[in-house]
C-alpha cells in the first residue's frame, strides 16, 4: 500500500494547492498527533483546510478530525508567526519532494519535506530557521537543521532548473549505470529480479525528474521492453531511440497533469468478495481494498483483472479519499472492537447467571430423583442398611467390610450389588445404586387396541435388550445409616426445597446485579468511546445564509437577521431587494431582520404570519429575552429604507434611515424553537410542496407596499440604528437632546410604554431620530463652539472630516498633537524682547571661540561629556518626528478610507434608488440558485427522499409546525451550549429505544437511520452559534422528537410542543 508521495505527486499537489489557497489567510493551526497537523485557511465565504503528515502526505481535506486539547510548542510557534498571514505562493522546490508555502509576499516561508523521516521547517525571508518539527544533526550527506541556522535550497534536486531531455544525456546516464556495475553478477532469482529493474533504476538515479512509476507507464505505452539492461540498450542505437521516445511520453504525461487547474486522480484498488461494478466512485469504493493512487492512469495495471480504477476530479480529493478512507476504517475498527468487548462482557455475565440458575435447577431435579428412588426401593434400602449396620455392630474392621462386599458382588449377591464402593463409614454413610421409578409405556400398550407387533419387531426388541442392559441406569444415592429410608428421602426433599428457595433468591439478586453490571459496562464503553477519536465525517459546507440569523417561515419565506452591524450592512447592500420587508424594534439589542420576497414577484404581499414570526425573532434577540417582557417590533418596506440622513450625510454601518410610516406588529411571544431542517436531493424535491407560495397569492392579505399618503406619518424621517454588540439596558434612560417634541409625542401614541423601549444610548449613533432643523442647529452650534479652539480658519472640508468619524477627533485629543504654547506665541505676533546683559555675554563667547571650527567644537563637547545629552536629544527628536509622521499618515489613511466608504455608499444608494424607481429588479442566476437551494430544505422528509444534510436552525416556535425534530426554548438560566448538548444527546438516546427507529425509512413520524447518522456528525460548539439568544430553558417531552413519542403512541403530539414538561 502506498504511503508516501512521489516527486510527481508533490508537483501536482503543489500546483493544485497554489490554485486553491492563494489569497487565503491562515485562520488556525492544530495538532492531530505528534506528526500530523491541520491548518485552516479562510477568507469571506470561502474556507479550506489542509492536513499535513510530516514525511508522507499533504492535501486538502473535506473531513472533520478531532484535534488535540493541548497544542504542542511547535504549533504554538506556528500560530504566533503565521496566524492571519495571507498565502502568496505555493510551489515545489525544483523536482525534489519539498513544498514551499510563502506568506505575506515571502516574509515567512514554510517548507514541507516528504522524504526520509520528513520535516516541517518555518523560516523568515532570509531562510533563517525560526521553528522546525524535528532537529536534524549533521551527518553523511545530511546538513544540520536547528533553530538559528540557515535553511539551504542550493543542493535540492534540480533547484536551478531541469536539464533538457537529450539523447546524449540519456546515453551518459546509461553509461554511468554500466560503469557502476548496476547490472550485478549475483546468481539466482535475486539476480534476475535485479536485472529486470536495472534499467528503471539507472534512469531514476540520473534522470531524476521522472518518477519510476511514470517511466514504467511510458514504457508500457510505447511497448518498450523494460527488462532490458542498460548495457544492452547502449549496444543498439535503435533501442536508445526507442527509450528516448518512452521518456518523451513520460514528459508528456507530466506536462498534461499540471497543465489544467485540477488534475484527474486515480485510486488503484484490489477487488474484494462481493464487489459490484458501478460507475459512481462512492459506490464502487465498497468491497475494494485501496492500494495506490496516481494523477494519471497507469497502463501497467490495465491488464490485471483484480484491479479497479476509481476516478476522482482533483488530485487533492483523490489523496484525501485514499488516506481518509484508510484512517476512517481504522477508527471504526477501534470503536467496533470496544463495542464488541462490551458485548462480550455483558454476554459473559448473562451466561454466568444462566449457569448458576441451571446448576440450582439441576440440584433440585437430582434431589427429587434421589428421594423418589429411595421411596421406590424402601425394602432394598432397608436391607442394605441392616447388612452394613450389622457388620459394624459385630466390630468388623471397615476395610474388611469393604472386601466382604466386593466378594459378595462377585457372587451376585443382590444386596451387595446395590452398594457402591468405597464406603463412607467415617461419615456414617453408604452409597447405593438404586433403580428409578420410570413410567413404562409398554405397560399401557397392552391395553391399546392397535394391531399386535409382528414377529420381526419382537426379534429387534430382543436384540436391543442386551445392549440396553450393559448401560448403568441406576442412580447413585447417599444413605445415612443413622436414619430410616423414609427420613433419608425426606432429607432429599428438604434439600430440593432449599435449592428452589435459593434459586428464587439468586434469580432476583442476579437480575439486579446483571442490570448493574450492564450499566457499568455501558458507562465504561461510553467513557472509552469518548476517549477514542471520532469517526471521520465530511465537513458540511455552510449555505450562503447560515452566516446570518435565519429561518424559513411557515409560509416558506426566508428570514435573515444580522448578528452585528457589519452583517446588518451586508443585508442592506447585498440581499435586500424591492418587495422585501425590513423589521426592527425600538429595544436595546433588537436584531435587524429582512424578510426576502420572491424576486420574480416583488409586488406580491408578504403574509402577516411571516411578518409576525420575523417580529418575534427581532424582539427575542433583544434585552426583552432576559427581562421576559413581550414587546412590539415594526416593519417597513425596502423602499423606505436608506443610508441617507436628513442632513444629506450618510449613516455609519449598521444604521439606516426609515422614511415614512413604521408599521407596528402586535407584541411578540418570547418563544423560540431549536430544530433540524434537512437538505434533500434534486430528485426528491418534486415530492414536496415548494416552500415558496405561488404567484397567485391572495391580494387581500396584509401586504408590503408603499405607505399611503393619506396615512398620518409617525415622523418625516426616522433612523433605526443597531450597535455592533447588543448590550443589556442598565435601566437608566438617556437623552441626546436632539429629538423633536412632536415626534416624541407621536412615538408615545404608537409604541407601548415600557422601560425597555429604546432611547438613545451612549453606544448608538447620536444622529438617530432627529429632524432636519435640529441636525442643522447642532452642526452650527458645533462650528461656533469649536472655532476659538482651532488655531487656523476652519474650512468645510475640515468640518466634513470631523463629522465623518469621531475617531479622528478622539485621536487628536488623546494623542496631544496640538501645541498650545506654540499657538500662543504665534498669536502674539513679532519677536520677543531680549533680556539685559545677553548681548555682552554673546560677544564674549563669540570672541573666545572665533577660531574654533565645527570639528573642534564637537571634539570639545565629547571631551567634557556634553555631546551625550545632545545626541540623546537628537534621537528623541527624530523618534518624536517619526511618531508624528506615522500618526499623520494614519490620520490621512483613515480620512481617505472614510471618503472612499462615503463615495461607495453614495454610489450604492444612487444605483439602488434607480432600481427602485424603475420598479423592476433583474433576477440573476445567483438569486435563482439561492431560491433553488431554499426549495431543497424540508422539515420532515418523506418516504424515498435522499437526505444529503441535516442543518440546525433556530426559529420562532410558530414557524416550526412542520418540523420533525424540534425543541421549545424559553427565557431561562441554562447556557445554550449545555442546552444543545442535552438536546442532541436525548435525540441520540431516543433513537436507541425499541420501536423508535424505522430501519426501512418509510414512516415519516419515526426516526430514520440516515437522520440519526447525520445527527451524530454534529459538533456542539458548531451548532451552538445557531441560537441567537444567551440563556434558555429547554422544554422537552421525554427528551426525544415527536417520532420517539409516536413510535408507541401515534396520538401524542410532537416533542417539545405546548404542554410539554420542563427538563
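From the backbone N, Cα and C atoms, a Cβ is placed for every residue, glycine too.
Ranges compared are 613-651, 886-924, 925-963, and TrEMBL records region 'Disordered' for 886-924. Per TrEMBL, the stretch carrying the note region 'Disordered' among 442-471, 472-501, 502-531 is 442-471. From the options 1012-1037, 1038-1063, the stretch TrEMBL describes as region 'Disordered' is 1038-1063. Across the domain 'NFACT RNA-binding' (547-660), the model assigns an average pLDDT of 88. Secondary structure of the domain 'NFACT RNA-binding' (547-660) per DSSP, as helix, strand and coil residue counts: 32 helix, 29 strand, 53 coil. When the domain 'NFACT protein C-terminal' (928-1035) is classified with DSSP, helix, strand and coil residues number 41 helix, 29 strand, 38 coil.
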